[in-house]
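Novice: TrEMBL lists 26-45 with the feature transmembrane segment. The disulfide bond annotation in TrEMBL covers C358-C422. The Ca(2+) binding site annotation in TrEMBL covers T593.
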Amino acid sequence: MPARSSLDRRLSDYLRVTRSRPFLRNVIYGSLLLLAMYLLFYIIAPRKMLSALPDYLVPGVEEGDLDGLSWGGKAQKVKEAFLHAYHGYEKYAAPGDELKPLTDSRIDNFNAWGVTIFDSLDTMLLMGLDEEYERALEVVRAVNFTETPYYFVPFFETSIRYLGGLLSAYALSHDELHLQKAEELAQRLDPVFDTPTGLPYFGVNPKTGGHKGPDIGILAEIASLQVEYTYLAKLTGKKEYFKRQSQGIMEVFASADLKHTAGMLPVQWNITDGTPSDKHLSVGAQADSTHEYLLKLYLLTGKTDKTSLEMYLRATTYIITNLLYLSPTRNLLYVTDTTASTFGHSKMPTHIFEHLSCFLPGLLALGADTLPLDNLTELGINWDNLGNETTYGHAGTAYQILRRHSLKDLHMWAAEGIAQTCWATYADQPTGLGPDEVMMDTMADDNSKTSQNGEKSATFLWIDAVEKWRKSGRRGIVPGLREPIPVKPGKVRDYVFRRPGYLLRPETVESLYIMWKVTGDKKWRDKGWAIFKAIEKETRTSSGYASLQRVDSSPARKMDSMPSYFLAETLKYLYLMFMEDDPIRLDRWVFNTEAHPLPAFEWSAEERKRFGV
């Protein structure tokens, strides 16, 4: 008989051992015991204990469960995510402001009136969540806007979240309760406008009428009320609400000297005399919603507010010609800010790119879709009168540059390129989620060309690249529009992190949603779906969803925060993106900056006379 191999001998020994009854009995009993302990733990374990577990041990939706669904099925998954978050809020935080999803507790950081409820009203109505909505109405009925543990409430956040939420809920439900509460809140906020110019202070005491804030106001905080107050004036017929935006905001801006910022509204303003206090130009955290409302006020009022439209065109002209850059590595198109006068010389860019700025692609696409940008004369707008070198100095040359192009094409190209960059900052990360703020790499070296301010940099203005492309006969793809290939961790990227966390923000999915609606290109929907899957995988907890400390490692470490805007904006935009039908048509509705939809309207003859429109 041939000698047995060592493998045969080991197999024979193993079989003899497994035939031993004590061995089998121990294996079976041990396995059953472990299984029983595992199941028992998830049945009776406190939620706080589950929240502390590593991500991969928390029961939730597995990525494989999300694949192969219809778009309607994907919308349903977003609805389920909303219910998971909102039920966690109801159980552990209501009627407080927000849920802390790791400790299953509450935080009152926005007046202690239940901001998550007010921010979620229209989302529940759109999703058909009748039971949750009815429970929320109890809080709306009971709220007392004079009672708050804080001596002052912030006007900006209160206006966009509470007032905007109530007005949108009224528009969708026609429940007079919401309009009654909206006007009640507006009356309590009104003393905030007690300034020589009508520009609001930072905060107000809703009980005493006292106000708080410096004489220097931040653009986004003093000028992001036009949409809400105009719609409230329309609903109530009261001139006092219309005056808050027309005289308090638009007239001040229309008469301001913007020579040193080329017609674009700078960040800081003196609210006592209505003059600019700096020359910082941005579409980021301190300015975003004001630029957004320039277009949206025009659309909300049936395209009648010409002053607002002209301000929008001046702002976007400056943005396109002075704030858009291409990165050296992948030619990513991004928007940044500047910090100096532009009248006598070129701007000084910071090359900081904020997640908050990712609303801009959606805004540009919305404008390109709703405005006759290549035939502005039909709106009574003369391009030469908007701006020129005589009016705005060095920066005024932008108006002549744009004359060489289709304005609609430029706006759409910019929208697509920036949207792809916003997406790339997500796709580059192991988590699939984007950082809050990055510094774009200029890659200065000896081979780089000299920029206008004399510095060596491989980064260059997008409009310069577009002009070069035009002069070359428009050969090849438009600069900045090539689909970026994600860069794996450890490889050279176009940026470094400034703020590496993911705060459940909506701006990127907001723009993806609008790009999908405007272009009909399925790729934007696919990108939105990838982001939702990443949200499920990385941010879900046993009671809700949590912001992340960093996006460059997976599983990511969580923060004990679930902002109300996650339910008001992020999940709403994702849900609308995946729905088969279109309940909020972009030509009939306008989203406020907290994603609360309000219907566009036309002024009646009597209203035009009353409001002086």
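For all residues, glycine too, the Cβ spot is worked out from N, Cα and C.
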Novice: Within 10 Å of its Cβ, which one of these recorded positions (C422, T593) has the largest number of other Cβ atoms?
Specialist: C422
Novice: Rounded to the nearest angstrom, how far is the Cα of the residue listed as 'Ca(2+) binding site' from the Cα of C422 (disulfide bond)?
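Specialist: On Cα coordinates alone, these residues lie 18 Å apart.
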Novice: I need the CA-to-CA distance for C358 (disulfide bond) versus the residue listed as 'Ca(2+) binding site', whole Å please.
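Specialist: That separation, Cα to Cα, works out to 13 Å.
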Novice: Neighbour count, 10 Å Cβ-Cβ cut-off, for C358 (disulfide bond): what number do you get?
Specialist: 30
